[in-house]
């Protein structure tokens, strides 16, 4: 199907049922016809399962209403075993809290789909599934490919997951995925200057888990089809604000690769195993208060094939059909309060999106909520729109109040044709959207049609045209613009053609509008629009219609709805509740029948208006047609225009008809190619000769066979529309120059007439119009080698020519101003882009059959055309100029290489081939093809085409007849036959006598080739075994008796083999290790995913490298696995089919759960050569105990046992670890354990340790979002380069070209960068796994700014211990090592740490810095000499904590000063013990006894007789402040000494005894006390000493 035919078909198909749709209510979430008592329809062939939260029991069978299950756990257990006709019905009124429904790897079929719905009394309300993000609802999403710059994998919580499921219908459910800590309902939402001051709660973290209400995932390399969601209520899905293309929002369908593309072999495999969607329908549903998307369908990992070459933005039909989603319909839905976009279709082929309502979306796309602008996708959201779709249709939708363009939303439009091809918006209504009505977004948005829409009070503009591509056509819309808005947004700068629109300035004062902004792709062009209440109009609109008062044009413009209906239904367009009648034209309106007959730039046929009225004949202006009949004609064949009488100035309409005396056009032929409204007559009249009183060319009856008809037409009353001096011509009469074509309306005096003008000559130069495609001439080029010719629709903004790639195109020489003058000396201009193999052409389409003469315009005293017009040394490289008829090259010239040298070859070409026989619709092209190296490929050439007065040759039989063969299905081993079919004059015909048939490639090729009967043309074919699935096509040459010939093709489609048409799938099985786990295969059709039966004779065998404990039943394919280990175990299976003996591979996947397993770990783990490893920081002189290791890991489940074994013997808690010990997690009574071999690791290297998209547990990529703010992990990872990323470019990582990091990284540097546009910084962060002293080092040549182009502003590097700065330096010069920083790290890189401390290398960019990126590669190693012994095992402090809380609850006023002071001292000492992680059991007991004694020793205070105690007569007016806790890097070193001393188990010194400044603990370690610390703690010395607590511990608590 051609693009033109396809788009016409789309428009027709999408409009089907419009009258019905408009006449019926379209509630967005209407119940079924059995309102209040709806039940699901089930199929007797399947099983129905019932679930009731109120009346069920999971011990029931679940297969009757009287014995339903209680929980969805039972459904999830059998979900993958659901098959054709099976139903799962949830009882109305049920609530399934903290539950979910995940259906995977199964299918129904066309006759018996799987059904998920409700049963019972609908008055009880839809059954509710509320997953609330619980662990079971979580799954790991992974596209297995880069998807632009977006996040491509992560954990997602989904309430209803449909994964690789076909033929399934889900209906009548309420679905939520709520987070109790998030509260932001749209019904109470409002913008506030302070976040959350309106009572909302929001998690703005970029690392927040993604959530979905319903997710559809295609992942198995096949088509997931026939999925219907109907009558769902999805709300409160509290997903991630930022992530656009994870399963994150209300409803989201997306396709993944089944495997990563890692080699040429996998690339070939992926191209033939495409995960995609077909026939997805989402209807009658409400989606409210979800993040991020409302409804989205089609995002795909296969964008890497679709977008491999954006080209000019056009999308290849075959490409999108293969890799994109097809037959997608989104209809009658209501989306309100989505955090981001309302409804988006992505990578879809011709989807239809209709009767939907969007309301108050983009709730969180603002500067207060979207606080991490570097997160994927950016702070932009539109309403209802496509991304990279082919010919999508959006119609009968309403969009209200897309939010936040004034608060940071970079979009904010109702509609957005984004990076797509052929987008059609029609019959839509937008109101109050915060930015605009329509955006056509950027370079690769091409060929958009926007027609018969209404925009009312969209706030910052109506049309947003930022750098869009060409081919965009905006016509017959009505836009109502208030005081604060405008027609074009301020950023608009690119192409669109505006025709037949009504622009209304809704203010009380005439407005001067900016009608043109920018000139990209030719900028904006206007024709035949109406401008109401404007002080100016576009200069390009020569046919502008102006009006002062809108009430004289439309019945009530501005009165359309200002909000969505609460029900979510569309507003009525007809009937008593019609909401848009204010946009109907009033009687006598200038808009009525004032439109031009538009030829849609994108070939969409015009059928009806905004209200569903048919559009015929000459249309009205604006979006709504009146019922006033238009007598104006329309024609796609004949060009019309006006002639102006030079004397009177009167204008006469003319129609240009091509005929000569010997090649006439009859009245019948003319009338068959013009049309008008229903009820309009059309006829041709001839004016009588004034002198003779006879018709202007009266002939004798003998010479004119139709004279009787003529005479009859002259009888009185024969034609009331004929004027006195006119004769109505009979159908068979040839028309003449000066005849009148007249249209007249029944019952009225309304007429419209055109004088027929003979046109037989076309002159490229004279006919050229800037910005308007000529009726017959076109500027064209090929867009692919040997491909279709396409019209160049963009025009140069400065010169009179069409343009592509900035410099190339077709037009005329001179300036735009010179177009209005005499063009006698003007040349045609033809410029092809050198070297791309895609030629450029002046193209003329023949309006009639006949013979034409092509010549070139001549110029007196000038070089004969064609020639190169620009002086340049082309070094012998040339432009080839060809004359073509359709795709046939008649002749060529290759002598165009020298400036202003006429082409003798082309002159000879025209002399020999300039007289050309054409059929109507043939293309004559003058084609330029410049080879690589031509510096100035611009040609002067000015073609003129004239019909010769020759009778058209009698058509050859190959012209009169068409012959074809129907495509025929064939089966291997069975003969199929097909006959040749002839047509002539539009109908079936017998084969003409003497016709002969033969294959073009000669004789037959044996039994596996088709055989043709030479006399009848019948073709037979018996496919051989090797031709399963083949399409066998042969070219047939048909030779007629008159010597003419034609070619056609005969095609046989051989049925596929079982291997070709079937998928063999094993749904995933989950179970415990040590038990028999079983899975039987499922067979589905590759074409649509429908369930299929197992072909007879199919056998199964284990594939290569099957794991231990696996077996397969040879006959039925059941795989059994008894695994001794946990984890994911895959069993390869080879499936062999009986029909052709072909084998296919499948895989049974088992998620084996060990009875016990590692839960979480603060230490690094890995799998090395198939063995699990845990890395622990110990060495011979820095040991680590078993207890310390076990404290850093958890078991799953939490009650499982964990221990360390050596040679099979369990070690005691105090035993020191050794290499190859085994960390084991086990369950009582099980022989299966989860084991990790212990390995020592005491050195960490940022570069060597770096892992793509892995944070922790030792190294992290972090950032601050404000100066001196809290450090947080960076959630996003660059899609191409190996680094953590925020704000698109910045963060820490390693400097390498891609994610595939090599094993040897010695030549790779660490990399850190920070955004100069925001506060804070980025960090390479290391978390200490144990206490000790570490040495930080960097490479000898580091650090330095890694990129040229620094501008003198600084990137500040710091080495930090927790929040203390150890070293810092400013990097300002590109590629110059910072000696200051390197020396500081060498001097001060030894740092005493406690377990859990942070060492960070940070980068902070100065505002406005260029290239804020440095090379630095930190290495951190424990120093053996200063590594402390084992950390103390934590002791029980619960009793002491309770006693402290008891003391805090006492009131000082009740007790004597002396006893109270003793209590305070004991309480503070006890608090110090609580705060000390190293406190021993003895210290805890001592503190507990002392505090208990102090409580027991409290003495009650006697009653104070003085009710007015006197104030302190000598208060301290200037209390001494605490010393600065962070003096910064300029502080002088101090000796770290203090004036106090302490005794007990903790001493007043630590591993590092020397600090700096007033706080010696800055670099001296956490056990160091400073002078200021000691002085401040003097009052506590005695008690802390008595309690056995060192002074350092007290000081540490105060810090």
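Keep in mind that glycine also has a Cβ here, set from the backbone N, Cα and C atoms.
Under the heading repeat 'PbH1 5', Swiss-Prot lists 348-388. Residues annotated as repeat 'PbH1 6' in Swiss-Prot, with sequence analysis given as evidence: 389-437. The repeat 'PbH1 7' annotation in Swiss-Prot covers 469-506 and rests on sequence analysis. Annotated compositional bias 'Basic and acidic residues' per Swiss-Prot: 1494-1509, in sequence order. What Swiss-Prot lists as compositional bias 'Gly residues' is 1535-1558. Summarising the annotation, Swiss-Prot assigns compositional bias 'Low complexity' to 1559-1568. Feature annotation from Swiss-Prot assigns transmembrane segment to 1574-1594.
Residues 312-313, 417, 435-438, 440, 442-463, 513-534, 538, 550, 553-554, 557-558, 583, 591, 595-596, 598, 600-602, 609-610, 619, 621-624, 771, 792-795 of the same chain lie 6+ residues outside the repeat 'PbH1 7' (469-506) yet bring a C-beta within less than 8 angstroms of a C-beta in it. Helix, strand and coil content of the repeat 'PbH1 6' (389-437), in residues and according to DSSP, is 3 helix, 18 strand, 28 coil. Counted with DSSP, the repeat 'PbH1 5' (348-388) comes out as 0 helix, 12 strand, 29 coil. When DSSP labels each residue, the repeat 'PbH1 7' (469-506) comes out as 0 helix, 16 strand, 22 coil, counted as helix, strand and coil in that order. Confidence for the repeat 'PbH1 6' (389-437), expressed as mean pLDDT, is 98.
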